[in-house]
């Protein structure tokens with residue numbers, strides 16, 4: 001959702017954190033179809049985007065690397081799931097998938 005609606009996500013984060021001075025990201029972010037991602041909105045409707053090396057596509061991760069990282073972060077992911085449960089928060093889909101894949 002951060003990729004598709006960053007302003008909405010930032011609004012929810014600010015409210016969750018209990019911030020008083022909430023920034024309206026709808027006014028400072030705009031989707032740039034040429035770049036294919038969200039950019040800073042400047043005066044006059046122009047956008048300021050990250051450089052050419054940012055936002056590019058990467059090749060799929062190889063199985064050995066994915067397995068290594070899954071094992072490396074397994075305990076941390078379990079602890080994160082326990083913390084989120086205690087806080088009454090739902091698990092993000094990526095964390096649910098990781099916990100199912102490691103059993």
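Even glycines carry a Cβ here, placed using N, Cα and C.
Note: TrEMBL annotation is automatic and uncurated.
Note that the structure is a prediction, hence the values are computed from the model and not measured.
According to TrEMBL, the protein has these features:
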| type | residues | note |
| --- | --- | --- |
| BINDING | 38, 54, 55, 56, 57, 58 | 3'-phosphoadenylyl sulfate binding site |
| DISULFID | 39-49 | disulfide bond |
| DOMAIN | 2-76 | domain 'Sulfotransferase' |
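Annotated features, which come from TrEMBL, shown on the structure.
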residue	record	CB count, 10 Å
38	3'-phosphoadenylyl sulfate binding site	21
39	disulfide bond	18
49	disulfide bond	16
57	3'-phosphoadenylyl sulfate binding site	5
58	3'-phosphoadenylyl sulfate binding site	5
**OP:** Pop the Cα-Cα gap between residue 39 (disulfide bond) and residue 58 (3'-phosphoadenylyl sulfate binding site) into the table, whole Å please.
**Re:** 20
Subject >> Local confidence of the domain 'Sulfotransferase' (2-76) - pLDDT mean >> reply: 88
Original post:
In the domain 'Sulfotransferase' (2-76), how many residues does DSSP put in helix, strand and coil?
Top reply: 28 helix, 11 strand, 36 coil
**OP:** Give the distance between the Cα atoms of residue 38 (3'-phosphoadenylyl sulfate binding site) and residue 49 (disulfide bond), rounded to the nearest whole Å.
**Re:** 8
Original post:
Reported as an integer number of Å, what is the Cα distance between residue 49 (disulfide bond) and residue 57 (3'-phosphoadenylyl sulfate binding site)?
Top reply: 16
Subject >> Separation of alpha carbons, residue 39 (disulfide bond) and residue 57 (3'-phosphoadenylyl sulfate binding site) (Å) >> reply: 17
